[in-house]
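Take a look at the structure below.
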Amino acid sequence: MDSVPIAHMIAKASADPLQRKRKEAGNVEDVESNKRQRSSAEATCPLSGMPYEDQLRQKDSSMKELIKKFVGELKKTNRDSAKNLENFKYEGVLPSPAIDGYRNKNEFTVGKNGQGEVVVGFRLGSYADGSVEVAEVETLPHIPKAAKWGAKSFQNFVRKSRFEPFNPEGNAGHFKQLMVRTSSSNTNELMLVAGIYSSNLSDSDLMELKRDLKEYYETIEEGDFKCSSLYYQDVKHREAGQMVSPVEHLSGSTHIFDTIHGLNFRISPLAFFQINTAGANVLYQKAIDLAAPKAHSTVLDICCGTGTIALAFAKHCKQVLGVEIIPDAIKDAEFNAENNHISNCKFYAGNADDYIQSMVREVTYGTPPGSPLNIIAVVDPPRAGLHNRSIAAIRAAEGIKRLVYISCNPQRAQRNWIELGRPQSKQYKGDPFYPVTAVAVDMFPHTSHTEMIILFERKNDVEERTDVDRNQSTTLVDAGTTEIAADTIGET
């Protein structure tokens, strides 16, 4: 590769409004100088210096407080909810089988460290706070060795390239990010997706950059590490209506594969797949246990991704219908069903709120008169949660009696939980859903994040729990005054 930096920008985009505003105010330097820069461990895995048992205790305490807050808010929102919350149980935190090197997907930033060297790693602070410094990931315990190699190899490539790292101030430069996907299976599969800001590149420059990438990764191999699937992703500003930044396959295989619950899954670059494969086995089994599907049940997998939840549920119920907004993920889900010889799953590509009612009608009309109708919804939305239109569609679909909500961000998911339990209204039709059982699963060791699963049931379907049931785990009686029983981590 030519080592001469590219001389001029073909199409300079408008400067970042936040940076421009701060420059005009003349306080950018003041903001940066008054803050000590965090280390990469502090920024990404702040609990890594703590024994894992202590991490679980801290997360358990945090989730107890979150549940108490949720119950209190629900009681304020729906005055009739109190009697339906008497037997709501929180069962603690389930540990992850894998504690180190568990992240099968990592999105690294291309930038510079404090010494001005080009680095591919994690940003040390929030861009909103004016921090653009990036640190390497070599010492981070939650990143697998293959992903660290991916970041290091791309860093070497960028340092030797005549093209520049992206600079958010003024939208200058080209190399913006790198997504690395690895497989927990013993296949040594490694997918790299290079995110390039192309607005500053001519067609010929872009062709040259892609060619350089392809040649570099087709020749580099170190021990067990080699790029088995290479993609280019155009990460310039999205067009109107564009949901994701498009990808282009450059070299190697088009997918990687991984295994959950003994099922093999094909994963495309942009498809959702649980970040902790070993933890997903625990997460999905608990979801199945809470949902308690029967032989005649239909499961609606909302935000189904590559079909992992749907296929895990398939052998426990009559059929599964899944919906996902990313078309390539639906292709993966259909392939995965066929590849695993599962024939009772059907998948739809589109917005969940557009399909929920039609999926319920399909089940209702397809059920012979006199036969039992049992529809269970399972939702595993992105970090932001479900759109309120999707919640409204679930509420209005009276055929759905039980709902399992899986959240990777319980703090933000509370909005959805409250919407599920609001009194009937013009916006939220149908009986409200009330929480029955909550279980946290530690999908993110060394970080402060925790996954939460909550089983909800319609008001008319909430069963009375016996005192024996209530004594088996934490019972929430009154969010304002309740003292949650001190369940030990060992009991979870």
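A Cβ is built for glycine as well, from the same backbone N, Cα and C atoms used for every other residue.
Copied over from TrEMBL:
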- Cys408: active site, nucleophile (ACT_SITE)
- Gln274, Glu324, Asp380: S-adenosyl-L-methionine binding site (BINDING)
- 1-46: region 'Disordered' (REGION)
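Recorded features from TrEMBL, shown on the structure.
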| residue | record | Cβ neighbours (10 Å) |
| --- | --- | --- |
| Gln274 | S-adenosyl-L-methionine binding site | 25 |
| Glu324 | S-adenosyl-L-methionine binding site | 27 |
| Asp380 | S-adenosyl-L-methionine binding site | 24 |
| Cys408 | active site, nucleophile | 21 |
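For the recorded S-adenosyl-L-methionine site, residues Gln274, Glu324, Asp380 set the reference point as the centre of their Cβ atoms, and the other residues of that chain within 8 Å of it by Cβ are Phe272, Phe273, Asp301, Cys303, Cys304, Gly305, Thr306, Thr308, Ile309, Ile406. The distance from the Cα of Glu324 (S-adenosyl-L-methionine binding site) to the Cα of Cys408 (active site, nucleophile) comes to 17 Å. When the Cα atoms are compared, Cys408 (active site, nucleophile) and Gln274 (S-adenosyl-L-methionine binding site) turn out to be 10 Å apart. Among the residues the record lists as binding S-adenosyl-L-methionine, namely Gln274, Glu324, Asp380, the two farthest apart have Cα atoms separated by 15 Å.
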